[in-house]
Amino acid sequence: MSEAGGRGCGSPVPQRAPWSLVAATAAICLVSATSVWTAGAEPMSREEKQKLGNQVLEMFDHAYGNYMEHAYPADELMPLTCRGRVRGQEPSRGDVDDALGKFSLTLIDSLDTLVVLNKTKEFEDAVRKVLRDVNLDNDVVVSVFETNIRVLGGLLGGHSLAIMLKEKGEYMQWYNDELLQMAKQLGYKLLPAFNTTSGLPYPRINLKFGIRKPEARTGTETDTCTACAGTLILEFAALSRFTGATIFEEYARKALDFLWEKRQRSSNLVGVTINIHTGDWVRKDSGVGAGIDSYYEYLLKAYVLLGDDSFLERFNTHYDAIMRYISQPPLLLDVHIHKPMLNARTWMDALLAFFPGLQVLKGDIRPAIETHEMLYQVIKKHNFLPEAFTTDFRVHWAQHPLRPEFAESTYFLYKATGDPYYLEVGKTLIENLNKYARVPCGFAAMKDVRTGSHEDRMDSFFLAEMFKYLYLLFADKEDIIFDIEDYIFTTEAHLLPLWLSTTNQSISKKNTSSEYTELDDSNFDWTCPNTQILFPNDPLYAQSIREPLKNVVDKSCPRGIIRVEESFRSGAKPPLRARDFMATNPEHLEILKKMGVSLIHLKDGRVQLVQHAIQAASSIDAEDGLRFMQEMIELSSQQQKEQQLPPRAVQIVSHPFFGRVVLTAGPAQFGLDLSKHKETRGFVASSKPYNGCSELTNPEAVMGKIALIQRGQCMFAEKARNIQNAGAIGGIVIDDNEGSSSDTAPLFQMAGDGKDTDDIKIPMLFLFSKEGSIILDAIREYEEVEVLLSDKAKDRDPEMENEEQPSSENDSQNQSAEQISSSSQEVDLVDQESSEENSLNSHPESLSPADMDNAASISPSEQTSNPTENHETTNLNGECTDLDNQLQEQSETEEDSNPNVSWGKKVQPIDSILADWNEDIEAFEMMEKDEL
Ligand code: DMJ
């Protein structure tokens, strides 16, 4: 997307973009203002930028080197177990695995990154390996979308830079379009997916057998996500234009045409999933994140690459709708396509972090700065962007798979504003990656940003995108061996040359202008801020936009607040008490309606309550509604506290781990509560008998240590008593179901045995088999293994770190400690009719296993709470004043709890963790479906 770098918009009048010779009305730009910055954040010296660029190179080497050494030719590296992830050999993770086609995914996805990072020799080697080793004809079912953006895009990006290098005359002189031939072969393999009446592709295809044949094991799907069907045009058009085979571009255009036809005509929005046969919207919620994101991105970029006005008109029409309904700066909130004034959910997903970057390309800088700033504050709070977070910035889904979208937007905002603030943002990203995600064998995704625990996963996009954007952020023109501005970035950050716009343009362009909504001029007010005029007049432009948002996360006080405490304290009660409410009682529903409270039946069986004061029958009813909602919030948060415990962390602190590997552990309902007490640190020893179900025969071995016990044969509490009697200072129960892992199974808490468990004083944690074997393997290899049991991983031992880490890491700034979260304001209920089924399906661990372990699932409570708010919604959080006080108290204690200062300080209040954890579980089920 440097595609416009510095050349797009020189005046407020939309200009012809120089790269797009056929584009007539481009109001598109990526403004470059690096030279006009004059004040604001301190400029960063050339030396500092180079140092950071070198740090990015070193990090890339660590990730790529470990992949090549320990995983290649597998698709991905598993950085905790230091081996390759081979589909079929690891427990299935569901849809996420559909990216893996046994085609050395990470190598292909990394190709053009190697050139951007100036590793031309390594690129040449990598291309040879791809040509020698990669087989595209495997009997494996893959995602059409992922295969297109990562593999087809990777091959085309590799080809684009291979021919560039060949032309320069030094490297790749032997290259004869071999990558392009592979890309074409893959293109033909994907084409059968488009064999639907709509022209929308099936979501999955078997690389060897296609769709229809019985051996294909796919082809019965009826739905696909909008992004899945609408993110093909760049790669497919490039393939057509590189090869002259027009069929690819035609198919991708047809799919886009169909999506455009199906847009909701009054709102001009699209839903998240669509039926590929009927074209009906299956999920009618609409945002700019998961499930839709790159559809919008590709409309705008297709215009840039192909110069076809119809793509720009479509994009502008959608953009107008997005800014009208979804954008609530700095937030971007999903709405319903039919009722776009109604929010569809009260949380945002991490994928939308690409949107500020796209807004820069569009030329709409202000909201880009605002949203980016909001996201940055969420990152500062949690070190990474959690997969989803609520409108009051609490964690909604705690995972973070090292996604690059925020780095992408940071890069484009820096290009647009030249504000060194964005370099500082990039520096923080680098520090956090090294500090929290770097493990001895690569970089590990975060399993839970709150505990700091890891997941055995390093996705290929981390190499394709993250390092590219971070390197480019700090690079000067002379640091890159070619002109990056001659290329467009695909959604996977693969580079396609802009000269394709004038090559092989045999596809007839549809003149569809009459179909487009007439947009008023305000749509174009958002385009092309002219940096020549803008920044010299106001060099603090970006800073002045960020300033009011400075405390948007910490001082989150949702909009539309009506303070209800007064009336609440006066003793008035709503006509319907929260504890009596039943979602199946028609009378109750009638009362709710009167009070302006609406019920949203969520797909997973829960019911969400939202109050719109203006929809109440009278102001008295509106007040009753507020009280009802307030009661419901209190009731549900009470239930959460009663029922749920947050996950814990087991951190391996001895050589060679030094705290870098953090495992997600289930808590126990008995024994020492790690969130209230200092963590427990000790060497581990296996108990004998290993199941810990009788008096230990090796008390001398476990005395003063943390005992390892296998799950099964008796109650968890009995095991705890036996190891405690033998003198253990803690216990880790390891699952006896071989291959189980927190990657694939929901965590649960270990329940007591129904008796009084106050006699158990030591902390007990649960690890699934895979995480447990990381400790067992370490014992085999290093004998002495020391671990830390805690509620949140602590920073690595600084002394050890000095010995082990590259010096750059030691420069890391102190990270501010986790901050208190505000309390919930929205209410989700489990639909009484479906709750039982839902709970059993989602959390099979809640069933008592036959082995007699009494496992209680950490599952969403039957009445749980989430924050809510929307344009007209009355938000029920009357707690801003209290919250401010809490925040102040929190910040007063923060210095004490800075994890850099000590290993032994607790940082996050239990209530906040409880609320976060509850939402995590709920969100997991929903987000799993959205995961791309
Ligand atoms: C990438 O594979 C692409 O950017 C895609 O469009 C969605 N997000 C992932 C990385 O988060």
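Don't overthink the numbers, they just go from 1 along the chain as shown.
The backbone N, Cα and C atoms fix where each Cβ goes, glycine too.
For E146 (among others), the entry in TrEMBL reads active site, proton donor.
D293 (active site) falls within a helical segment according to DSSP. What TrEMBL lists as active site is D293 (among others).
Here TrEMBL flags E387 (among others) as active site, proton donor.
According to TrEMBL, the feature active site maps to E405 (among others). Residues within less than 8 Å, Cβ to Cβ, of E405 (active site) and separated from it by at least 6 positions along the same chain comprise A350, L351, L352, A353, F354, G357, L385.
Under the heading compositional bias 'Basic and acidic residues', TrEMBL lists 790-799.
TrEMBL lists 687-773 with the feature domain 'PA'.
For 790-907, the entry in TrEMBL reads region 'Disordered'.
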(message) In whole Å, how far does the CA atom of E146 (active site, proton donor) lie from that of E387 (active site, proton donor)?
(response) 19
(message) Under DSSP, is E387 (active site, proton donor) part of a helix or a strand, or is it coil?
(response) coil
(message) Through the lens of DSSP with three states only, how would you label E405 (active site)?
(response) helix
(request) Run through the domain 'PA' (687-773) and tell me, per DSSP, how many residues are helix, strand and coil. (result) 19 helix, 17 strand, 51 coil
(request) Please report how many Å separate the Cα atom of E387 (active site, proton donor) from that of D293 (active site), as a whole number. (result) 14
(message) Averaging the per-residue pLDDT over the domain 'PA' (687-773), what integer do you get?
(response) 92
(request) Measure from the Cβ of E387 (active site, proton donor) and count the other Cβ atoms within 10 Å, all protein chains considered. (result) 26
